[in-house]
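These notes concern the structure reproduced below.
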There are 2 protein chains.
Amino acid sequence: MTDFTATRAMFHMPEDVIYLDGNSLGPLPRAAMERMQGTLRDEWGEMLITGWNRAGWMAQPRDIGDRIARLIGAEAGQVVLGDTLSIKVYQALAAALELRPDRRVILTDSGNFPSDLYMAEGLIRTLDRGHELRIVAPEEVAGAITDEVAVTLITEVDYRTGRLHDMADVTARAHAAGALTVWDLAHSAGALPVDVAGAGADFAVGCTYKYLNGGPGAPAFIYVAPRHAETAFPALSGWLGHDAPFAFEPAYRPGAGIERMRVGTPPVLAMAALEAATDVWDGVDMDDLRARSIELSEMFIKGVEAACPMLTLASPRDPAQRGSQVSFRFEEGYAAMQALIARGVIGDFRAPDIMRFGFTPLYISEAEVETAIRIVTDVMQNRLWDLPEHRTRHAVT
Amino acid sequence: MTDFTATRAMFHMPEDVIYLDGNSLGPLPRAAMERMQGTLRDEWGEMLITGWNRAGWMAQPRDIGDRIARLIGAEAGQVVLGDTLSIKVYQALAAALELRPDRRVILTDSGNFPSDLYMAEGLIRTLDRGHELRIVAPEEVAGAITDEVAVTLITEVDYRTGRLHDMADVTARAHAAGALTVWDLAHSAGALPVDVAGAGADFAVGCTYKYLNGGPGAPAFIYVAPRHAETAFPALSGWLGHDAPFAFEPAYRPGAGIERMRVGTPPVLAMAALEAATDVWDGVDMDDLRARSIELSEMFIKGVEAACPMLTLASPRDPAQRGSQVSFRFEEGYAAMQALIARGVIGDFRAPDIMRFGFTPLYISEAEVETAIRIVTDVMQNRLWDLPEHRTRHAVT
């Protein structure tokens, strides 16, 4: 049984804060402080250039990939870290389209994160070969997988509603239609059990600063199914994806397997924090995590719905169809979220009217969820959001 | 007059090391330690998600860009940080090719860093429209700029030899032929005065972990000339390059000017170290730096050549034609460099036979150069490199 009191103690949490936004940015793992200091002082500071060998900097993207692999149902050697999620989407999509040269449709849904859509648009424009980004409603994806589709580009858990796609079902349908799949695990990895191998996913990409607590802007990851790993060609063919980066050959030769999905020099400092964050997962069973996440989310929905009829549940009511977040619609959601944040309940807002609350068992307890319900109730019943100061928009919402 | 004793004191340097490899990885600025601790503890740790607004994380790529702009002859609002240099090469090249739709040649030289060539290859493959990467010898670039050329992709300072291209001359020739220019400033920014505006460069990209001391794998930068900034379309069209990232619109609309060259969520921790490193430049005059770099390099060449006839100068003899590094050819260069490193003189090796030494006045003194000459002389004259332990190849050379 996973010890969530122990994992909670591994994080730094500010006083008087109930943090229900780990789905946007995970909190600071205490070990990251010390690890980073060591990387600065003992590695960069003392080893200088020799740190690439002596401190293992060059192997980090693969080593951390091996550890994240377990959380998404992949095996060692199938995941590598680097760049941002947007870049990894581009890589996966470009490789998938090249594997389906006779097809022109990228199928996605309107619940996908906009950057995935934008990167697809940019790729389509670059290819200039008549590809189409076909955007359907989330519940229409299954029916829209026709033999025109080259690849599906789906985020498993909807960033606004928390709606969960059935990865195995969509993938099976895609394969039956001769299409490939790119899964975005931004809101899945570390949030619920994921099984890319079991589902037969072709490519998967994800981010490490949400449920994986790697720090703001932490590197992304990419998974390539072993059956494609030696044929998927990297459009972003950087030197660290070369078979022999330090031979400095004039022509590109893709590295073995997942290695070819590396691009430029890895961000060593960011990797240090992420590595420390990855340690937290060592004693965590994903089924325990999922059960606990559902308990906390159900408690929150029940409490909020009982007291706040002005909030409309935007997430699926069936917990089996949700990720690890709960969203409510409220017209004045922006102001309401600001009022909550001012009172120590940190969630976030997504336009036009979504209030999001993430439930992350690694560091959130039942007692906190109860307090959060009380504060939400107070803010909503007493219209505490209805102040000019809460309506002032910040750059980042 | 720049006070190089003061800048030297801003860096941590290990005992008994003479660091002549700042052209590969700059040393640790002391301020980076404290700055990083603050970013972890006071920003990520305490502000959590609100750090994006309260700590200014979202604006950092532009703010640091404004400060780097001064070092490369650009103005505020023309440079932005993010991703890796390889990614920035791809962005610049893709935008340039789209601005020259009727031309098919990317002109580069054999002294360019391989990742630039690889990224160009990957882009050409993705475009699949018959583009050609034409690689000529560095001294043949000027003559090879014909009206077939869409864009030149040149690294101003050759990573192996230190040979310096004449940016203004090449750019003028390119423009006369109707071509655009992408300049890679990896070995120029912070190494010598650069004037992208004066030279009329169209695009420039660079890295911040060499002469700018931003830390291993620190983010890259991109400059777009104001005349292209509103028309250059980003192939890597990520959400942070969108005109309104937090509106979460389904379709991409490029942001204003250089903002559109942002892609994904910025690496906040890496930016923190880089920002601290950028402070070092506040009191530095680039002409002073250049004069001092030439003094140190000339002293080294003179001393080494006088004592080590087995080493052949691979860099241009005329300091006006060199960047801030000096390279020698030696058949057993790998082993020789290992022997030097074992004795505290850290340079590096580039296949097949280049021994590189960087001269970085911010933290390298005349006394150190004298000691380095003595140690090189000892290693070479007494064949101290001729040991099995020095021939063992490491992963990173």
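From the backbone N, Cα and C atoms, a Cβ is placed for every residue, glycine too.
Quick look at what TrEMBL annotates:
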BINDING   A:L85, A:S86, A:F113, A:P114, A:S115, A:D116, A:T155, A:D184, A:H187, A:Y209, A:W239, A:T265  pyridoxal 5'-phosphate binding site
MOD_RES   A:K210  N6-(pyridoxal phosphate)lysine
| remark: Students should find that the recorded positions A:T155, A:H187, A:K210 with a Cβ under 8 Å from chain B are none
| query | C-alpha of A:S115 (pyridoxal 5'-phosphate binding site) to C-alpha of A:K210 (N6-(pyridoxal phosphate)lysine): distance in Å? | reply | 16
| query | About how far apart, in whole Å, are the alpha carbons (Cα) of A:T155 (pyridoxal 5'-phosphate binding site) and the residue listed as 'N6-(pyridoxal phosphate)lysine'? | reply | 14
| Listed binding-site residues are A:L85, A:F113, A:H187, A:W239; which of them have CA atoms within 10 A of the CA of A:K210 (N6-(pyridoxal phosphate)lysine)? | A:H187
| field | Sparsest Cβ surroundings (other CB atoms within 10 Å) among the binding-site residues A:F113, A:W239 | value | A:F113
| remark: In chain order, residues whose C-beta lies under 8 angstroms from the C-beta of A:L85 (pyridoxal 5'-phosphate binding site), counting only those at least six residues away in the same chain, are A:S115, A:D184, A:A186, A:V205, A:G206, A:C207, A:A220
| Of all the Cα pairs drawn from A:L85, A:S86, A:F113, A:P114, A:S115, A:D116, A:T155, A:D184, A:H187, A:Y209, A:W239, A:T265, the residues the record ties to pyridoxal 5'-phosphate, which distance is largest, in Å? | 30
| said: Tell me the coarse DSSP state (helix, strand, coil) of A:F113 (pyridoxal 5'-phosphate binding site). | reply: coil
| said: Let's check the environment of A:T155 (pyridoxal 5'-phosphate binding site): how many other CB atoms sit within 10 Å of its CB? | reply: 27
| field | Neighbourhood of A:H187 (pyridoxal 5'-phosphate binding site) by C-beta distance under 8 A, where only residues 6 or more apart in the same chain count | value | A:N23, A:T155, A:E156, A:V157, A:D158, A:Y159, A:G162, A:K210, A:Y211, A:G323, A:S324, A:Q325
| request: Please work out the number of neighbouring Cβ atoms within 10 Å of the Cβ of the residue listed as 'N6-(pyridoxal phosphate)lysine', leaving out its own Cβ. | output: 28
| task | Reduce the DSSP letter at A:T155 (pyridoxal 5'-phosphate binding site) to three states and note it down. | result | strand
